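Chemist: First, the structure itself, so that you have it in front of you.
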Protein chains: 2
Amino acid sequence: MVVNNKVDSLSYDVEAPPAAPGQGAAAASAAADAHRHAPPPAVTPATSVLELHKVSVPEPRTAAKALRQRLGEVFFPDDPLHKFKNQSSARRLVLALQYFFPIFQWGSEYSPRLLRSDLGISYAKLANLPPIIGLYSSFVPPLIYALLGSSRDLAVGPVSIASLVMGSMLREAVSPDDQPILYLQLAFTSTFFAGVFQASLGFLRLGFIVDFLSKATLTGFMAGAAIIVSLQQLKGLLGIVHFTTHMGFIDVMRSVFKHHHEWEWQTIVMGTAFLSILLLTRQISARNPRLFWLSAGAPLTSVIISTVLSFIWKSPSISVIGILPRGVNPPSANMLTFSGSYVALTIKTGIMTGILSLTEGIAVGRTFASINNYQVDGNKEMMAIGVMNMAGSCASCYVTTGSFSRSAVNFSAGCKTAVSNIVMAAAVLVTLLFLMPLFHYTPNVILSAIIITAVVGLIDVRGAARLWAVDKLDFLACAAAFLGVLLVSVQMGLAVAVGISLFKILLQVTRPNLVVKGVVPGTQSYRSVAQYREAARVPAFLVVGVESAIYFANSMYLVDRVMRYLRDEEERALKSNHSSIRCVVLDMSAVAAIDTSGLDALMELKKVLDKRNIELVLANPVGSVAERMFNSAVGETFGSDRLFFSVAEAVAAGACKPPQP
Amino acid sequence: MVVNNKVDSLSYDVEAPPAAPGQGAAAASAAADAHRHAPPPAVTPATSVLELHKVSVPEPRTAAKALRQRLGEVFFPDDPLHKFKNQSSARRLVLALQYFFPIFQWGSEYSPRLLRSDLGISYAKLANLPPIIGLYSSFVPPLIYALLGSSRDLAVGPVSIASLVMGSMLREAVSPDDQPILYLQLAFTSTFFAGVFQASLGFLRLGFIVDFLSKATLTGFMAGAAIIVSLQQLKGLLGIVHFTTHMGFIDVMRSVFKHHHEWEWQTIVMGTAFLSILLLTRQISARNPRLFWLSAGAPLTSVIISTVLSFIWKSPSISVIGILPRGVNPPSANMLTFSGSYVALTIKTGIMTGILSLTEGIAVGRTFASINNYQVDGNKEMMAIGVMNMAGSCASCYVTTGSFSRSAVNFSAGCKTAVSNIVMAAAVLVTLLFLMPLFHYTPNVILSAIIITAVVGLIDVRGAARLWAVDKLDFLACAAAFLGVLLVSVQMGLAVAVGISLFKILLQVTRPNLVVKGVVPGTQSYRSVAQYREAARVPAFLVVGVESAIYFANSMYLVDRVMRYLRDEEERALKSNHSSIRCVVLDMSAVAAIDTSGLDALMELKKVLDKRNIELVLANPVGSVAERMFNSAVGETFGSDRLFFSVAEAVAAGACKPPQP
């Protein structure tokens, strides 16, 4: 690009004195320019004095070393041992201690924080568990996370999605109303399995599995879950006693209208009023982030006001929480059941809630880490969250993780270290020890209102619209997750959405972009002629860029597609009286990897083109591809005379050769 | 590259007269050169007279048009209507007729061919079907394919893999010895479903599904299947009467040695002798391709000789085929059963055999088409093969497809059109009508020997060794298929191998290559410093090439990896007293696609780098990526001042800016 302005002024007169080294490409490029504006001249090859650059191969590695590097990249992408390099052994011990118990890292720098409203009680109800379990789950897990976790901003506790999924999966087998003890046992056991699953993922460094839940999937999933959750709250909000045990949209709506004679006007008035206030404060805080305390404080205020009202009123038609046991978490290790007919169910529920809560926890941790410019170690986080849940299941807690809403509140309140988790646990401790009787008159309807307010925020209509605008397949995954959760089941919705996301990746690999490239005037760069309208084809050359790894799944397509381009280009040449294609240049710059089928495809393409007396040359293979090529027969076939440093050099070298007879 | 030799001689003296347009990049590149050899000079920015090229976006398309193009590429990659363009309607009618019945296309040009030995009888035994079904299957399907098929070289008939799979899947539920009629019914019904499945795949243009059976998978699968098949032949070869009904390696070996008292020495001698001869002729033909007729004719000759021997000998200890009914295929439409408890099994078997036989048929068709320089339409082939099997199932045939061994024989014999299929059918017709009694004394042991000879050729040790040398994960898929088929079951082996193949694709997407790039001296090209040892980093710049589409599955990794490179490069700069990184250039040339998560990742990376006062610029996004970027918020953030035509221009432009305070 730089000096070509001068080159353009050179005539491609072959009678000129010996061309400077490398002029061939310039001549070709100049010819290409001319071709855009006028019928192309016969390409007059420059002399053979052409300085070409060799295609390099990365330094040879043994198979074992290559494997080690590859595995390292898969399992240790974050290079966790980096800081241990070049350190004394005493220093290494301290670092290791800090690695496993990050509390040592920030133990000194700590700042107290605001007392925050607690949603634990409401989330436990989402999982069909007694409200007190929600408080228990806000006490022990934060303490454990404070010890093990590596994120400084993550606030730990029960979250809505995992609560909902646990509730809906367990309720398929056991009714929480009819068999409350069995249901509790299953919940704790599932929590235990969730912890085991999470810790193993982290230990085996398989953390990348959570990456397969795409944001599009989660957008749809959360919106669907939010609606399902809100619908479940109609029970509390309308005061209905006989409510369906199903979660599906249709079942719930049918149940709501079937029992319309049970609707309680007092409950409805109270619920609607508080719901409006909560939604309003939420809206105000969203518009004016400085008023964040409004939405943060509103739930607790509502609980207090409604409890007082309900205490004064004492209406029998408003159902209240009732008596809650005072005292800290009772041990529950004896409630874990690993035998009997429900083992499969608890394992399934554990894996499902485990992966969902991991996804939320990791995403939140990463988000705040990137805002505050530090890195969280995903795999270590998983181990911390896993251990936290395993311990939690023995102390009357159900699944907990890093919660987005809690962490956001922490963050706005200026928390800088994980000590915030300890402070939060202390606040819950005070509640458990002394404040439990105060909840006696808290109306259930207020919990429903708080839950609805919390989950409504999960519906991201603007995000879905953005998906539609940018990527239709992402939107499809989103819509599938949404409708699947709403109409079929939570698992089905997630499974379909993950399937679509994976299919999208496979589709892109199966049908990769192949583009015809031309030279951009004033440069030596070859670009897609569809993208750069000024890019001009070089006569007698077909330059095809392959924009994907070449795999078994697309190797056949690649050959077919190149042949189709060749046919089109020959038709075009025939129509416009240009010289026919003599050389096909495959630009491999964007081919990130190749497998044995891909190598075979290159050989086959060469064979097919040879029969038609057309040359096939390759340009700019990347390291791993060049390595593979030289390890196989392809390396010999495409020797140094068919393998070029760049498309420009390939064209230049090709132009140097006399036209084939 | 071309003119840079001159540029190198330019000094980067800022006091020189106004730089020529575009000199900035040259200066940067020259600076980079200097940097390799000596402590880097303070990068002296050129004047701002810098001709930059804009990044283009493909012509705007409506969502509907984009979707249509995308779907067109997925479902009509071969552009089947191409030849209908610009034709009169009469001509179009002729073309359409030729499209649906390719026989019209080559009806005139036909050449007779050699009579060929037929393996149909043996393959039927592989599927535990009566031998006559093999002959029937060599009669009707070739006729139908001659009418509908588009490949001129494909010879149609039963093939070993599909026969084996059908036999092993059906035998799990029904014993062919105890319930022969039911077994036949299931075989025909499975064949019908295989046809329906194949035709639907073709009709729905989902032909790319067969691409997911990679060559590596098939190599392992076929080797495993060949061994299993050979082991089954031990029954005939040793003359064992009570043989296990299982297919697994261990079961069969146990059964063979448990019944060693049933071994018949006469059978063993005869079998070993013929097997040796067959393997020998095979070996000779393989070494000397001109003697192909030796291996082609050996099976028929062996059948004739052994039948004569057995007729003379009439030993009761050598089991013979026995009486075969004379006459052409009886109708079997009444044997198709679509109700009852076996429907699921037949559908499963149909899909399995259907996809396997398609894979072989399509691969063979494509191979010979590319040798003879024409194209087969994969989807149309599928419809032809599907209709052939549906019709076959009503005429006492089981699953058939294009067979590699038959086609290869045809090809060597000089067949040029699908009339060869008609000739073959005629030969089988003569056999069926007149020669059936001759098979009465054909010993079963000879069929076993023929089968072993046929399938041994499927074991491709050299191919497996090549896989190991070139791609360890491909080898793993191959080994998994081999061991799975041998030790567990045919379906399990295939499923695991396909799973590994897909995992390989996903893994490459999840952990894409990211490389640090430097400028190659004498060019303006940036290449991986790991691959090109001469490539030199540009001081204060970190150029990272992303060699994969950016998806939800790798967007988090991308951010982490770039930050890790940044850390490493800053450490390196500190150590060697270079200026610290001021600008990160992301080379997007090899990013074939991006989704919403990927766009978010770019935004996040920018945010994180902004906090550290480091610029993030993007270079050379391809069409679809540029389109997406401009459709989203990324387009605004990375406006024209952060989006460059090439890395060289990005570096040049960056060098023009004064260092940040």
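Glycine too: its Cβ is placed from the backbone N, Cα and C atoms.
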Chemist: Of A:14-43, A:104-133, A:614-643, which range does TrEMBL call region 'Disordered'?
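Modeler: Here TrEMBL associates region 'Disordered' with the stretch A:14-43.
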Chemist: Flag the pair the transmembrane segment (A:333-358) / the transmembrane segment (A:128-147) as in contact if three or more Cβ pairs fall under 8 Å (sequence separation 6 or more).
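Modeler: No, the transmembrane segment (A:333-358) does not contact the transmembrane segment (A:128-147).
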Chemist: When secondary structure is assigned with DSSP, how many helix, strand and coil residues does the domain 'STAS' (A:531-654) contain?
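Modeler: Grouping H, G, I as helix and E, B as strand yields 59 helix, 22 strand, 43 coil.
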Chemist: When only pairs 6 or more apart in sequence are counted, do the transmembrane segment (A:263-280) and the transmembrane segment (A:182-204) reach 3 or more Cβ pairs under 8 Å?
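Modeler: No, since the transmembrane segment (A:263-280) and the transmembrane segment (A:182-204) share fewer than 3 Cβ pairs closer than 8 Å, they do not count as touching.
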Chemist: Could you tell me the mean pLDDT the prediction assigns to the domain 'STAS' (A:531-654)?
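Modeler: The predicted confidence over the domain 'STAS' (A:531-654), as a mean pLDDT, is 86.
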Chemist: If you count Cβ pairs under 8 Å, which stretch among A:128-147, A:216-243, A:292-313, A:418-439, A:445-463 touches the transmembrane segment (A:182-204) the most?
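Modeler: Checked against A:128-147, A:216-243, A:292-313, A:418-439, A:445-463; highest Cβ contact count belongs to A:128-147.
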Chemist: Return the stretch with the most CB pairs under 8 A relative to the transmembrane segment (A:216-243), choosing among A:128-147, A:292-313, A:418-439, A:445-463, A:475-503.
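Modeler: Stretch with maximum Cβ contacts: A:475-503.
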Chemist: Is the count of Cβ pairs under 8 Å between the transmembrane segment (A:128-147) and the transmembrane segment (A:475-503), pairs 6 or more apart in sequence, 3 or more?
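Modeler: Counting Cβ pairs under 8 Å, fewer than 3, so no.
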Chemist: Thinking of Cβ pairs under 8 Å, which stretch from A:418-439, A:445-463, A:475-503 has the most of them with the transmembrane segment (A:292-313)?
Modeler: A:445-463
